[in-house]
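As recorded in Swiss-Prot:
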type	residues	note
ACT_SITE	Asp475	active site, 4-aspartylphosphate intermediate
BINDING	Asp475, Thr477, Asp797, Asp801	Mg(2+) binding site
MOD_RES	Ser8	phosphoserine
MOD_RES	Ser17	phosphoserine
MOD_RES	Ser338	phosphoserine
MOD_RES	Ser1140	phosphoserine
MOD_RES	Ser1155	phosphoserine
MOD_RES	Ser1178	phosphoserine
MOD_RES	Ser1182	phosphoserine
REGION	297-356	region 'Disordered'
REGION	1100-1117	region 'Calmodulin-binding subdomain A'
REGION	1118-1127	region 'Calmodulin-binding subdomain B'
REGION	1118-1220	region 'Required for basolateral membrane targeting'
REGION	1160-1220	region 'Disordered'
TOPO_DOM	2-105	topological domain 'Cytoplasmic'
TOPO_DOM	176-366	topological domain 'Cytoplasmic'
TOPO_DOM	440-855	topological domain 'Cytoplasmic'
TOPO_DOM	904-927	topological domain 'Cytoplasmic'
TOPO_DOM	992-1005	topological domain 'Cytoplasmic'
TOPO_DOM	1061-1220	topological domain 'Cytoplasmic'
TRANSMEM	106-126	transmembrane segment
TRANSMEM	155-175	transmembrane segment
TRANSMEM	367-386	transmembrane segment
TRANSMEM	419-439	transmembrane segment
TRANSMEM	856-876	transmembrane segment
TRANSMEM	883-903	transmembrane segment
TRANSMEM	928-948	transmembrane segment
TRANSMEM	972-991	transmembrane segment
TRANSMEM	1006-1027	transmembrane segment
TRANSMEM	1040-1060	transmembrane segment
Amino acid sequence: MGDMANNSVAYGGVKNSLKEANHDGDFGITLADVRALMELRSTDALRKIQESYGDVYGICTRLKTSPVEGLSGNPADIERREAVFGKNFIPPKKPKTFLQLVWEALQDVTLIILEIAAIVSLGLSFYQPPEGDNALCGEVSVGEEEGEGETGWIEGAAILLSVVCVVLVTAFNDWSKEKQFRGLQSRIEQEQKFTVIRGGQVIQIPVADITVGDIAQVKYGDLLPADGILIQGNDLKIDESSLTGESDHVKKSLDKDPLLLSGTHVMEGSGRMVVTAVGINSQTGIIFTLLGAGGEEEEKKDEKKKEKKNKKQDGAIENRNKAKAQDGAAMEMQPLKSEEGGDGDEKDKKKANLPKKEKSVLQGKLTKLAVQIGKAGLLMSAITVIILVLYFVIDTFWVQKRPWLAECTPIYIQYFVKFFIIGVTVLVVAVPEGLPLAVTISLAYSVKKMMKDNNLVRHLDACETMGNATAICSDKTGTLTMNRMTVVQAYINEKHYKKIPEPEAIPPNILSYLVTGISVNCAYTSKILPPEKEGGLPRHVGNKTECALLGLLLDLKRDYQDVRNEIPEEALYKVYTFNSVRKSMSTVLKNSDGSYRIFSKGASEIILKKCFKILSANGEAKVFRPRDRDDIVKTVIEPMASEGLRTICLAFRDFPAGEPEPEWDNENDIVTGLTCIAVVGIEDPVRPEVPDAIKKCQRAGITVRMVTGDNINTARAIATKCGILHPGEDFLCLEGKDFNRRIRNEKGEIEQERIDKIWPKLRVLARSSPTDKHTLVKGIIDSTVSDQRQVVAVTGDGTNDGPALKKADVGFAMGIAGTDVAKEASDIILTDDNFTSIVKAVMWGRNVYDSISKFLQFQLTVNVVAVIVAFTGACITQDSPLKAVQMLWVNLIMDTLASLALATEPPTESLLLRKPYGRNKPLISRTMMKNILGHAFYQLVVVFTLLFAGEKFFDIDSGRNAPLHAPPSEHYTIVFNTFVLMQLFNEINARKIHGERNVFEGIFNNAIFCTIVLGTFVVQIIIVQFGGKPFSCSELSIEQWLWSIFLGMGTLLWGQLISTIPTSRLKFLKEAGHGTQKEEIPEEELAEDVEEIDHAERELRRGQILWFRGLNRIQTQIRVVNAFRSSLYEGLEKPESRSSIHNFMTHPEFRIEDSEPHIPLIDDTDAEDDAPTKRNCSPPPSPNKNNNAVDSGIYLTIEMNKSATSSSPGSPLHSLETSL
């Protein structure tokens, strides 16, 4: 100890001279030395430090830093260090270029078919049959005699052009989406700070500013941002599984294993380290470089590997890769992650770490709906083509009895190509490729706006899942309460003080114990700083409960800092840090005479049980019997708790000098036989806005439960203040022990039936451990008591909340109080730790659902009308009234633009006035079905009237039966124009889906909507007036325009008529877009794990499932082999630590499946058996191994189906899984 003090003193003297002398950055240790040192482990590292540098302080001296004061913080010095040792930043993978996104958008099957048809049409249009044979080829050539032949190429060219438009729009959408995510990443990066000592001051700096030589303070729950060597530690335990795959926590100490590695988690204790490697030179950085985060060669290898893989896997993965717009090396790494990343982990952790299946209800429903609509569209388009071809063949060769002439063949083919294009056009309009786009836009827009409501969304689909939430399990401290704690009552020298006593009232020796005990037995990182603003409240830094105790000392006019200066942190002999199992903290001091004194603080009932004495009124210790303890509980602790106070007991124990050295590792023998100093009551007031927010939740059909570590009386009092409990209601409040007793059988196993008896009535779970929280969440999610599977949101802030946060449908981590580990496991980070922000998330989630429904209502109306018009028109008049190019324009309005317009509606409070939709609620309600069919009826009547009687009404030439390549007719232009205007006005109707009357309500709050509607109208005018031949349009007069607009506006009036008809009367209406019902699932599947099977998967029969299991198994083996091969090429990378937020955030390749430390990312645990890189061979305890295999297998089919039915490539539904 003294040695260290001298060291720092000596250092302080030379510090400045060293800095001046070495202005060229000539440190006593090179980057290569540091890297080599950090790659060693435990004893090797110690040996190397001792041989080369003497000790840690030797390294500090060479790095020109003081172990006590830290760096000076001088900008020139920091710059020099960054130049020599690098910055703490890992360069992200280059984003996809716009051209790459364009190429991806071109992969769409429908677009490819159209391109081929257009090229064939182009080629054939240049063929002229020999003169004289014209008459023999039938009416084909009528148009050509009028000199129209040379314009035949225009249609083909126009189709190509519109395909280009669609591709550009899709690519632009993807590009802006990727840009947005990158912005979000950098935001998360900037928010992550770490505590370092600079110039003797403890400050927080952004992780990217940490540099080699910094002295960093590490504490429980931190995620280490750089590599370092321990200078001083208290009971420090690190989870290194993200780097080594070993799940046991590693104990770090100066004499055994002082190396701390970036990307690992501090699970217990605290300490200080000197930073030795940052950025790409840290262990995490080295692995990232191996994985090709920066390397060009790796990218090329990836390309090759991907090509091979795509061939082998039938292109199915190609789609998945597309979906994950920022994939990169993630695919290659998946097997490595799962094999080497933390196998034999504890059971509950393992379960929590299996990827969450059936994450997004909406995706499942939409996939199913899109596939159904796609199939119908394919059928319609096929029938259309067959009818057209048959009609033409019969008419030409049968009725007109024409011979087949060789020179007429190209003209006949031209006809067939025209029919084919009409068929494809029907398909283009029928396939709702805008659905995935609408979902993505809606979610991306919501995510952006949710930032303002203090929700930082890390996984897109969490936002939508929140709309379905039926239960919220919330922490108490900081979420429901203000987390500004103050001691308001105390039991000292056998008196219960209702307010803090004057220091004179307390015997001096008791006061002395109190001051020393609180000062040294609170983490040295906890302190009270002066207010930022004049007249404001003092700032509490660190653990808020400890700050309350330090505040008590200030109220007693004593300064804790004096004690800490006298006993610096290094002088503490042993520290038993606080964790959720101990629920207490103890610190041992060694006195000059060789005796020891231990101070303990913790939950009052836990510490009091260990007290055998108590300090009496005169300051002497007297015997403390169980009877006395019960008295204190009844007269002091329970009254405090019933007022909502958290009770903390402070105690101490002396170990005399003469006795043999205590066995310090045997904590139970050390922390016992204590003497009680005092019991204090700490108040943490309820946030004023919480009761109202909870009322909103209850009105919205969401049950709020409180899970807390506090004692049951405190918890009950706070729950009543918040409105979670109402006096006189029959709800349960349980303690963790009681809860466990009720849900376990004689063997101590948890039984679902027992949980099912408890959770519906449970409102408060007190004195609970993180395991209890996980058990409760799992129990509610797995329960089958209610018709609907519960959707559970959970808040968490501690390191051990990880499993519960992962198990929940949506995990909320605290942005302020939360540890990095909790943030890693979460889906959404609450930047203000406030419960009301969760209510906002519910609102946004429901809004996403409604936005998608609005879009569906609009899109399906257009689909129905366009398909029927194209089909009937083609069958009756041999030509689609809406040409291919016009259909593509309609498709653009209806897909891309409408999804933008309708998916960006802001949410309103009224969303909280209804119950959650539930998992099986159909996407298209009966009211929506009524609207869709009603509007489709109106539009079809208008279009067919114009088609078959329009020429008489407007007194123009009929456009029906026009020959090939005839010029565009006014007649068909009016049909097209009216059709588009009806869609435009119907877009306004689509804004309301619950049968509201006023469709204009709040329309001006949505600027995007207004811009798109007006913009579309302007473009429509340009197309009709100046589009000419390419768009098959001829100019219209003012009168014709007015008629078109009038018929378009008719949809608004018609909408009012429809909303007057009560839906309940229309018994024949069916809902659509269901989640899947139970009877559709084979029984074995249900038995495996009912709710873990994805909606879209349930359609598949058992045979298919087995078949895909086989396929998937092969696919996985290929994937593992490839990964293994790549790992050999790339210098046998170690499994990377994706677990650090700042790294994870800089790397798009890890954005996809999120950076959960030990998740087997191959979707099935089966695969791990084949994995050559596997370390521990114990099979993971998965509740449903087979199911996982089914899972990925079927994922595959849906992707195939989807690609077959043309989903717009840049945004297949799975792009939603892009983690933020």
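Placed from the backbone N, Cα and C atoms, the Cβ positions cover glycine too.
Per-site Cβ counts within 10 Å over the recorded positions Asp475, Asp797, Asp801 peak at Asp801. Across the structure, Asp801 (Mg(2+) binding site) and Asp475 (active site, 4-aspartylphosphate intermediate) are spaced 10 Å apart at their Cα atoms. Proximity of distant same-chain residues to the transmembrane segment (155-175), defined by a Cβ-Cβ separation under 8 Å and at least 6 residues beyond the stretch ends, is recorded for 96, 98, 101-102, 104-106, 108, 111, 114-115, 117-122, 125, 325, 421, 437, 440-441, 883-885, 888-889, 891-892, 896, 1029-1032, 1208-1211. The listed stretches are 106-126, 367-386, 419-439, 1006-1027; of these, 419-439 has the most Cβ pairs under 8 Å to the transmembrane segment (856-876).
Among the listed stretches 367-386, 972-991, 1006-1027, the one sharing the most Cβ pairs under 8 Å with the transmembrane segment (883-903) is 972-991. Taking the Cβ of Thr477 (Mg(2+) binding site) as centre and 10 Å as the limit, one finds 21 other Cβ atoms among all the protein chains shown. Over the topological domain 'Cytoplasmic' (440-855), the average per-residue pLDDT in this prediction is 89. Sequence-distant contacts of the transmembrane segment (928-948), counting only residues of its own chain at least 6 positions beyond either end whose CB sits under 8 Å from a CB of the stretch, comprise 853, 856-857, 860-861, 864-865, 868-869, 872-873, 877, 881, 960, 974-975, 978-979, 982, 986, 989-990, 993, 1047, 1050-1051, 1054-1055, 1057-1059, 1061, 1063, 1066, 1069-1072. In the three-state DSSP scheme, Thr477 (Mg(2+) binding site) is classed as coil. The Mg(2+) site is defined by Asp475, Thr477, Asp797, Asp801, and by the 8 Å test on Cβ atoms against their centroid, the other residues of the chain that qualify are Lys476, Gly478, Thr479, Thr795, Gly796, Gly798, Met814, Ala817, Gly818, Ala822. Listed by sequence, the residues of this chain that lie at least six past the ends of the transmembrane segment (972-991) yet keep a Cβ under 8 A from its Cβ atoms are 854-855, 857-858, 861-862, 865-866, 869, 881-883, 886, 889-890, 893-894, 898, 901-902, 905, 931, 935, 938-939, 942-943, 946-947, 950, 954, 956, 959, 999-1000, 1003, 1009, 1013, 1016-1017, 1020, 1024, 1032-1034, 1036, 1040-1041, 1043-1045, 1047-1052, 1055. Here the topological domain 'Cytoplasmic' (992-1005) has Cβ contacts under 8 Å with residues 850, 853-854, 857, 905-906, 908, 925, 927-928, 931, 1052, 1055-1056, 1059, 1063 of the same chain, all six or more residues outside its ends. Outside the topological domain 'Cytoplasmic' (904-927) by six or more residues, the chain places 361-362, 365-366, 369, 441-442, 445, 449, 467-470, 696, 699-702, 788-789, 791, 839, 842-844, 846-847, 849-854, 856-857, 860, 991, 993-995, 1002, 1005-1006, 1008-1009, 1063, 1066, 1069-1077 with a CB less than 8 A from a CB of the stretch. Per DSSP, the topological domain 'Cytoplasmic' (904-927) is made up of 7 helix, 1 strand, 16 coil.
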